[in-house]
Amino acid sequence: NHTLLTEFVLSGLSSHPELQHLLFFTVCLVYSMTLIGNLLICMVTVHPTLHMPMYFFLRVLSFLDISTASVVVPKMLVSLQSEDRSISYTGCVTQLYCVVFLAATEWYLLAAMAYDRYVAVCRPLRYAAVMNTRVCLSLVLLSCCSGNVVSVVQTAWVFTLSFCGPRRINYFFCDVPPLVTLSCTDTSLYERQIILATVLVIFVPFCLILLSYACIVSSILKISSAEGRHKTFSTCSSHLTVVTLYCASGTLIYLQPKSSNTQDTKKILALIYTTVIPTLNPLIYSLRNKEVKEVLIRVMAVLTKK
């Protein structure tokens, strides 16, 4: 019975011992880049010239990226350098809650960012009035509350399962699909619930994002100046790139929760979702945003002088 279970064992990224050191240094490098890149974004977006809702949301996204990587990567690095890959029952519950909470919150935040771009492009004269500080804070708080509800429900449902079989999780962190495969009871209801949660967390925000960008594209096409169209589209393309990366990896991980023949593929996708994408976000937003690049150069110049 799961009430007697005190710990799980994580299989890690790879079962090949000769790859452990290479994986350790690679993941450590990527994690360092994640921390540095997102911390720089947090520093840059508080600059007086970037006091706009778009950059406020970007700062929150960077904080969530740092949190997501920090929930998963440190334990992964320890497992790569140690033979002890166990994680306590309480630790597994906590990690699962945090991973789902952060992932769901990011998706709702991405939808809020799309709404911000819609107002900026389609309702420019009312932008300052509509996207005021109160509205921005409310959207972030709503994203966090929605993520919390999803995470509490998912975590509670998963840990009502009976884990009476092997306690080895074929994954490098506690997540819903690999935990469901450990259950010795009928999990068909849980699998349907995971698909429903995926629809609520990924596809509903994704549809709202697509609707926002359909309106944005319609407005862009009405701009007579080619330079104006390019400038407007460039401010939105970074966000669309991030949404595409999250949607592609997230749906492939969670739409087939009990598919064991693709577990190695899911590990790679999960690694991309939790580690690589948080590293790419600062690059995507800084390289395609002139204002961020200018402030970033100034900040780096100041830091270099110090």
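Cβ from N, Cα, C; glycine included.
No curator has checked TrEMBL annotations; they are predicted automatically.
Features reported for this protein in TrEMBL:
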DOMAIN    37-285  domain 'G-protein coupled receptors family 1 profile'
TRANSMEM  22-44  transmembrane segment
TRANSMEM  56-74  transmembrane segment
TRANSMEM  94-115  transmembrane segment
TRANSMEM  135-159  transmembrane segment
TRANSMEM  194-221  transmembrane segment
TRANSMEM  233-256  transmembrane segment
TRANSMEM  268-287  transmembrane segment
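As a whole-number mean, the pLDDT of the domain 'G-protein coupled receptors family 1 profile' (37-285) in this prediction is 84. Among residues of the same chain six or more beyond the transmembrane segment (94-115), those with a C-beta under 8 A of the stretch's C-beta atoms are 54, 57-58, 60-61, 64-65, 67-68, 71-72, 75, 87, 139-140, 142-144, 146-148, 150-152, 154-155, 158-159, 173-176, 179, 201-202, 205-206, 208-209, 212-213, 239, 242-243, 246, 250, 273-274. Below 8 A, the CB atoms of the transmembrane segment (56-74) and the transmembrane segment (268-287) form 3+ pairs separated by six or more positions in the chain. A Cβ distance under 8 Å defines the sequence-distant neighbours of the transmembrane segment (194-221), meaning residues of its chain 6+ beyond its ends; these are 103-104, 107-108, 110-111, 114-115, 117-118, 121-122, 150, 153-154, 176-177, 180, 229, 232-233, 236, 240, 243, 246-247, 250-251, 254-255, 257.
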